[in-house]
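Engineer: Quick one: this structure, given as structure tokens, is what I'll be asking you about.
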Amino acid sequence: MAVGIFDSGLGGLTVLDAVTKALPDVPLIYMGDNAHTPYGVREADDIYDLTTAGVQHLFDRGCDLVILACNTASAAALRRMQEGWVPEGKRVLGVFVPLIEALTERQWGDNSPPREVDVKEVALFATPTTVSSRAFQRELAFRAIGVDVEAQPCGGVVDAIEDGDMILAEALVRSHVDALKRRMPNPQAAILGCTHYPLVEDVFRAALGDGVAVFSQPSLVADSLGDYLKRRPEMLGSGEPAFLTTGDPKSVEAKATIFLRRKITFEAVG
């Protein structure tokens, strides 16, 4: 039995690591589309095609439930997938919902009208495609009113992390935070809207300064998955744990080992 985790590259390993710690008895199959990363500058149709292909690999491996641990895929492809592609008996979940639950302190099953929440000014850091989709703002509007969201497209950060150039990644983060703070000097909360960003979370926190509540996805997604599986234990599929990639396994293994600080063996898929 296994739950699938899909990402455009290595960022989803932050989610996998959090899920492994929170739910050690849940086997996981990870699928990284490293051959086509990053998704953050691609067109929506391209992202949809790549995401469905990646998720299909996980379905073929016996997963009934797949987490899109990629905000760009969640923003650009998830709704379309859920409306017309996901087979009966399968589920694909995104990573926005746990964030919004935490930010608004409202459970997703709470279908009462949107209401005012304590947080009024929110900084959103995400890929260019996620920002342009306005998916986060759209989902937030179902739950809260009176929240000003200032979004910063963080071009180059994912590329630098995937290339292992953390010095460049950290410099880009500081630049993007400075750019946002010129438009919103004192955000109450900051959303790290990409699963790569926890790898540079300390840089975001330092650049934002004290007093800003930073919401990072891995632990929120892990907790949400735990709650979901308590309600739907039948969604644990029949697959065996594995790490899959569309890229070069040896290259991906080397970078993934640095991220997780443990040896991982990847298997190539077409």
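Cβ atoms here come from the backbone N, Cα and C positions, even for glycine.
The following feature annotations were taken from Swiss-Prot:
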- C70: active site, proton donor/acceptor (ACT_SITE)
- C194: active site, proton donor/acceptor (ACT_SITE)
- D7, S8, Y39, G40, N71, T72, T195, H196: substrate binding site (BINDING)
Engineer: If one measures from the C-alpha of H196 (substrate binding site) to the C-alpha of C70 (active site, proton donor/acceptor), what distance in angstrom results, rounded to a whole number?
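Structural biologist: Rounded to the nearest whole number, the Cα-Cα distance is 9 Å.
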Engineer: Does Y39 (substrate binding site) have same-chain partners at least 6 apart in sequence with Cβ under 8 Å from its own Cβ, and which are they?
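Structural biologist: When sequence neighbours closer than 6 are ignored, Y39 (substrate binding site) has S8, D33, I47, L50, T51, C70, T72, A73, A76, T127, T129 within Cβ distance under 8 Å.
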Engineer: Name the residues of the same chain, 6+ apart in sequence, whose Cβ is under 8 Å from the Cβ of T195 (substrate binding site)?
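Structural biologist: Set apart from T195 (substrate binding site) by at least 6 residues yet with Cβ under 8 Å, we have D7, G11, G12, T14, V15, A69, C70, N71, V95, Q217, P218.
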Engineer: Among the active-site residues C70, C194, which residue has the fewest other Cβ atoms within 10 Å of its own Cβ?
Structural biologist: C194
Engineer: Going by DSSP, give the three-state secondary structure for C70 (active site, proton donor/acceptor).
Structural biologist: coil
Engineer: Just the number: how many Å between the Cα atoms of G40 (substrate binding site) and C194 (active site, proton donor/acceptor)?
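Structural biologist: Approximately 10 Å lies between the Cα of G40 (substrate binding site) and that of C194 (active site, proton donor/acceptor).
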Engineer: Using all protein chains in view, find how many other C-beta atoms are within 10 Å of the C-beta of N71 (substrate binding site).
Structural biologist: 35
Engineer: Around the C-beta of T72 (substrate binding site), how many further C-beta atoms are within 10 angstroms, looking at every protein chain?
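Structural biologist: A count of 31.
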Engineer: For substrate, what surrounds D7, S8, Y39, G40, N71, T72, T195, H196 with a Cβ no more than 8 Å from their Cβ centroid?
Structural biologist: G9, G11, G12, T37, P38, A69, C70, A73, T127, T130, V158, C194
Engineer: Would you mind checking how many other C-beta atoms are within 10 angstroms of the C-beta on H196 (substrate binding site)?
Structural biologist: 30
